[in-house]
């Protein structure tokens, strides 16, 4: 992996700003955001990154990768898994925690909530159960009713996003 000098400078600036702004909380464990356990993990470099994608639940639609503003999600090929008669999953998302800014666009866009595995407006990181069993084939076989108005709104939003992606 080749890192350009500008990217390295930008990363260093963000890193140093973060340390400076959070120094008291990191060292003394003060404030409500950093517990003693988290402080020790930060200082020793042993912070565990939580599992963000439930691979068994994912349908491999690539929506999360397409919507990610930092391109932190890469679709990794897997052995094909038949989900329905007409659909086979052949890749799953892998999130790069160094690029991810936890904007949760992927979570909001995922049709089965396999990214961060939470259906809620609160930040899902480290919240709730680690694993929920769901039969994906039943989810995809259920008929979805969408009004004409909703279809028009969705197609309008998609066309705006496609234009933005093409410009990038």
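The backbone N, Cα and C atoms fix where each Cβ goes, and this holds for glycine too.
Going by Swiss-Prot, these are the annotated features:
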| type | residues | note |
| --- | --- | --- |
| DOMAIN | 48-78 | domain '4Fe-4S ferredoxin-type 1' |
| BINDING | 58, 61, 64, 68, 100, 103, 106, 110 | [4Fe-4S] cluster binding site |
| DOMAIN | 91-122 | domain '4Fe-4S ferredoxin-type 2' |
Fewest other Cβ within 10 angstroms of its own Cβ, chosen from the binding-site residues 103, 106, 110: 103
Cβ-based isolation winner (fewest other Cβ atoms within 10 Å) among the binding-site residues 64, 68, 100: 100
Which of 58, 61, all binding-site residues, has a Cβ with the fewest other Cβ atoms inside 10 Å: 61
Model confidence over the domain '4Fe-4S ferredoxin-type 2' (91-122), averaged pLDDT: 78
Composition by DSSP (helix, strand, coil) of residues within the domain '4Fe-4S ferredoxin-type 1' (48-78): 5 helix, 7 strand, 19 coil
Per-state residue totals over the domain '4Fe-4S ferredoxin-type 2' (91-122) - DSSP helix, strand, coil: 5 helix, 6 strand, 21 coil
